[in-house]
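K.L.:
Right, I'll just put the structure down here and ask away after.
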Amino acid sequence: MSDKINMSVDIAGVTLKNPITVASGTFGSGMEYSEFVDLSQLGAVTTKGVANIPWPGNPTPRIAETYGGMMNAIGLQNPGIDVFKKRDIPFLRDYDTKIIVNVCGKSKEDYVDCVEKLGDCDVDLLEINVSCPNVKEGGIAFGQQPDALYDITKAVKAAAKQPIIMKLSPNVTDITEMARAAEAGGADAVSLINTLTGMKIDVNRRTFAVANKTAGVSGPAIHPIAVRMVYQVANAIKLPIIGMGGVATTEDALEMIMVGASAVAVGTANFHNPYATVEIIKGIEEYMKKNSISDIHELIGCVK
Amino acid sequence: MGKLKMTAKVVSQETLATDVYSLVLEAPEIASQAIAGQFVSVYTHDGSKMLPRPISLCGIDREAGTLRLVYRVVGFGTKEFSQLAAGDTVDILGPLGNGFMKSDKKAILIGGGIGIPPMLQLAKELDCEKSVVLGYRDEIFLNEEFEPYAQVYMSSEDGQHGVKGNVIDAIKEYGVDGAVIYACGPTPMLRGIKAYAMEKGIECQISMEEKMACGVGACLACVWKTKEIAEHSQVHNSRRCNDGPVFYAEEVEL
């Protein structure tokens, strides 16, 4: 029976054996979770954001717990592209999974530099993080204005050897405007949503719970917002979508797929359950069997 | 076997002092591989709470397949744990962290407050000449359990138990000496111990806590400033959960 089920999906010409990947920043480069999960079972591994040079990130505390999730302001700490290429990519390449490299930067030149350095690298897709709410100088500056997003998409696309996925911010008035700007700029796919900007006060210390003052809210609490935005974007553009935002269960992932996501990323749920990704993959397969669905494409966007 | 998430059965729970509890869990898969200085992440039963609570291992019994956690109630999660009773279950992730780097040098084990519990397992594992220095605010706990393994010295802020003052005061008052310090406790205490160890030229390993999300080194929430560029991060940050929680004092900024 299972050999009759097709769970593979296509993102910009790259075939994922199933629609499940992880949300950037929640899974390192896969090494830390490889003790829990056989990475070869995942459709793709999306790595933590990497820049052209090492970034130290924000001061601690960097996280706080919230109802149905958490908030973080890690500040895109990363070892820089040179070490990442030498250490993280060869590790991942030993697994039978696709590699999506999340790229961050503070200026157009940073993004282009990093993407160019990935040109000779055996990775499948680049996810361009223009939506991190926790870094003052950059990232989000490109993700909240359609013109700026169009420009950065065009510049990155011209420099990239691999297909590019623009990761969209939910901290905008109309996410479909941003999706259209990414499409017009030449993006091959979009992913959404990044975290929602929030704030939490530590009433005992009478200060901000997270040192950065504001932090990105993630987890099941934001899932309905993410589903709504994926639905809107799916109806606004033709590009494939990687849906994310609070996905913790099979049902959550199916919701994303039914409103138009071709692939789904599991993020904060990994911290709650390190086996979440493989459990969801199995759950989707069981759902398809139970409902006599032979091809996952019957589900993608089936709710209009 | 490596790290795993499992459902552990509660063997027993008792109160040691105000808000300080001792919880024994049946977790043979983790107990069989854990060492002193490591920790487990404990999950609440409340579905609205996603993140586990990191708690150090006070005891590891390989034969019985049990872990003992001694913790203080500080918030919602630990409050819930304090209400667990024999026969209940709780999900845990472990063993996490690096643990202490044990040597046979004459040792001083220092614990402050809720940093005392991991020192008990270390006292059991260290096969060498050793002294134990325990610092309390007021109420004392676990001190008698150290006695089979080492001479125990105490300090308390109110002076009711041992020297009035802190653990450094106790070390000086009783002339405690050694060639290596192992310590766990609040940051101000660790800062004092680091300064003392540097002054005396003694090797010093410290263990410290921080809020964690993943507990396995992926999320970079729990970093600690390091003196040199750390190999994994390529910046002046190490992950307390995975590169630590035990560090050589000279490696970290306090």
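For all residues, glycine too, the Cβ spot is worked out from N, Cα and C.
Found this in TrEMBL, in case it helps:
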| type | residues | note |
| --- | --- | --- |
| DOMAIN | A:8-288 | domain 'Dihydroorotate dehydrogenase catalytic' |
| BINDING | A:SER24, A:LYS48, A:GLY49, A:ASN102, A:ASN129, A:LYS167, A:ILE193, A:GLY219, A:GLY245, A:GLY246, A:GLY267, A:THR268 | FMN binding site |
| BINDING | A:LYS48, A:ASN72, A:ALA73, A:ILE74, A:GLY75, A:LEU76, A:ASN129, A:ASN194, A:THR195 | substrate binding site |
| ACT_SITE | A:CYS132 | active site, nucleophile |
K.L.:
I'd like to know the mean pLDDT over the domain 'Dihydroorotate dehydrogenase catalytic' (A:8-288).
P.N.:
95
K.L.:
Counting all other Cβ atoms within 10 Å across every protein chain shown, which of the binding-site residues A:GLY49, A:GLY75, A:GLY245, A:GLY267 scores highest?
P.N.:
A:GLY245
K.L.:
Sorry to bug you, but what's the C-alpha spacing from A:SER24 (FMN binding site) to A:LYS48 (substrate binding site), rounded to the closest Å?
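P.N.:
Cα-Cα, rounded: 5 Å.
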K.L.:
Taking just the CA atoms, what is the gap between A:CYS132 (active site, nucleophile) and A:GLY267 (FMN binding site) in Å?
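P.N.:
On Cα coordinates alone, these residues lie 15 Å apart.
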K.L.:
Assuming the binding residues for FMN are exactly those in the record, A:SER24, A:LYS48, A:GLY49, A:ASN102, A:ASN129, A:LYS167, A:ILE193, A:GLY219, A:GLY245, A:GLY246, A:GLY267, A:THR268, what is the maximum CA-CA distance in angstrom, rounded?
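P.N.:
Greatest Cα separation within the listed binding residues comes to 20 Å.
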K.L.:
Give me the CA-CA distance between A:GLY245 (FMN binding site) and A:GLY75 (substrate binding site), in Å, as a whole number.
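P.N.:
That separation, Cα to Cα, works out to 19 Å.
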K.L.:
Write down the Cα-Cα distance for A:GLY75 (substrate binding site) and A:GLY49 (FMN binding site), rounded and given in Å.
P.N.:
10
K.L.:
To see if you understand the setup: which same-chain residues, six or more apart in sequence, place their Cβ under 8 Å from that of A:SER24 (FMN binding site)?
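P.N.:
Long-range Cβ contacts: A:THR46, A:THR47, A:LYS48, A:GLY49, A:ILE100, A:ASN102, A:GLU127, A:ASN129, A:LYS167, A:ALA265.
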K.L.:
Calculate the distance in Å between the alpha carbons (Cα) of A:GLY75 (substrate binding site) and A:GLY267 (FMN binding site), and round it to a whole number.
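P.N.:
Cα-Cα distance, A:GLY75 (substrate binding site) to A:GLY267 (FMN binding site): 17 Å.
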K.L.:
Using the structure shown, find which entry in A:ALA73, A:CYS132, A:ILE193 (the recorded positions) has the sparsest Cβ neighbourhood within 10 Å.
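P.N.:
Taking A:ALA73, A:CYS132, A:ILE193 as the recorded positions, the minimal 10 Å Cβ count falls on A:CYS132.
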K.L.:
Run through the Cβ atoms and count how many others sit within 10 Å of the one on A:ASN129 (FMN binding site).
P.N.:
30
K.L.:
Roughly how wide, in whole Å, is the group A:LYS48, A:ASN72, A:ALA73, A:ILE74, A:GLY75, A:LEU76, A:ASN129, A:ASN194, A:THR195 that binds substrate, by largest Cα to Cα distance?
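P.N.:
Greatest Cα-Cα span of the listed binding residues: 16 Å.
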K.L.:
Using Cα coordinates, what distance in whole Å links A:ILE193 (FMN binding site) and A:ALA73 (substrate binding site)?
P.N.:
16
K.L.:
What's the CA to CA span in angstrom from A:ALA73 (substrate binding site) over to A:GLY267 (FMN binding site)?
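P.N.:
Pair distance, Cα basis, whole Å: 15 Å.
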K.L.:
Work out how many Å separate A:THR195 (substrate binding site) and A:GLY267 (FMN binding site) at their Cα atoms, rounded off.
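P.N.:
Cα-Cα, rounded: 10 Å.
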